[in-house]
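Read the structure below first, then the notes.
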Amino acid sequence: MKSVNRHQAFENETEIETDFKEKMTYTDYLSLDTLLSSQHRLSNHHDEMLFIIVHHVSELWMKLILHEVHAARENIRTNQLGASFKKLARVAQIQEQLKSVWDVLSTLTPSEYMEFRDKLGNASGFQSYQNRLIEFAFGYKTEYVLKIYENDPERHSALIEAYEAASLYDVSIQALAGSGIPVDKEVLNRDMRITHQSNESVKQAWMIVYQNVNQYWELYELAEKLVDIEDLFQQWRFRHMKTVERIIGFKKGTGGSGGVSYLKKVLDQYFFPELWELRTELS
Ligand code: HEM
């Protein structure tokens, strides 16, 4: 039987465009030259490429999380809960991808990492401003990152704006109150720069939703989407902490923290505390 060359077969079926003198290519559209020339190893070590790409991929997914969460927050603020669900479900899927990078990174052994770790200086994911923008958007507000970027006016003003803005949880509590379920005024009019602390009236309001799911179906769905996101965020933190322990043990971090001991501590943080607390009390 006469074998058909792959290119011939393709050409027979389609009209392949090959003249891109005046047209945009895939590479142009995606700015691939910029993207793919941004992996600069500071050592000649083979494994540093993995380390850089895993961080780049994570930062790209974080960018999409921010894009989706900001839009979802606006949907909730304008009472379009249905539209927000689509975006929050996408956030959860992105978080699954983010978690998967640890599987790739854990192929980096301690001996391999030690070959180039000193090249990082004080650089650390601790300074990831996108990670802090995500924490701000979820409602966990910490000031130190504003200091880190004090000498970078553009970054600094974006961080301040996010720091002062209502979080995804703030607009969700406002939607809860908007449905007629009472919530303390001090919570609704609170200073958005401060991390939300668990509040009894908010817990009782969510309890009403969970005890009357048919009546408050949309709020119930919103609450569960928030729990999905917090759960996945904590799973990411846990995998990070364990991967770090696997690679550097209990050494100090390049960012200056105690390392694993610090990463264990942040596992205790909550974005949406009442949604977790009510599970104990619900009967
Ligand atoms: C060999 C790989 C890695 C090691 C050994 C490592 C180690 C650490 C350590 C020790 C910290 C605590 C701060 C410090 O003192 O530096 C930290 C924080 C952090 N790292 Fe990593 N990391 C690694 C990979 C990654 C990757 C791939 C990402 C993805 C972007 C990442 C994101 C972060 C973030 C966001 C924080 C801040 C966590 C918080 O404050 O809650 N890390 N890392």
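Heads up, the Cβ atoms here are built off N, Cα and C, so glycines get one too.
In TrEMBL, annotation is done automatically, which means it is predicted and not curated.
Counting only same-chain residues six or more apart in sequence, the Cβ atoms lying under 8 angstroms from the Cβ of Ile52 (substrate binding site) belong to Gln39, His40, Arg41. Among the features that TrEMBL reports, substrate binding site is placed at Phe51, Ile52, Ile53, Val54, His55, Tyr113, Arg117, Thr254.
Annotation source TrEMBL lists heme binding site at His240. DSSP assigns His240 (heme binding site) to a helix in the three-state reduction. Within the same chain, the residues at least 6 positions away from His240 (heme binding site) whose Cβ sits under 8 Å from its Cβ are Trp102, Leu263, listed in sequence order.
Among the binding-site residues Ile52, Ile53, Val54, His55, Arg117, Thr254, the residues whose Cβ lies under 6 Å from any atom of ligand 1 are, in sequence order, Val54, His55, Thr254. Long-range Cβ proximity for Val54 (substrate binding site), meaning a same-chain Cβ under 8 A and a gap of 6 or more residues, is found for Val101, Val104, Leu105. The Cβ of Tyr113 (substrate binding site) has 18 other Cβ atoms within 10 Å, all protein chains considered.
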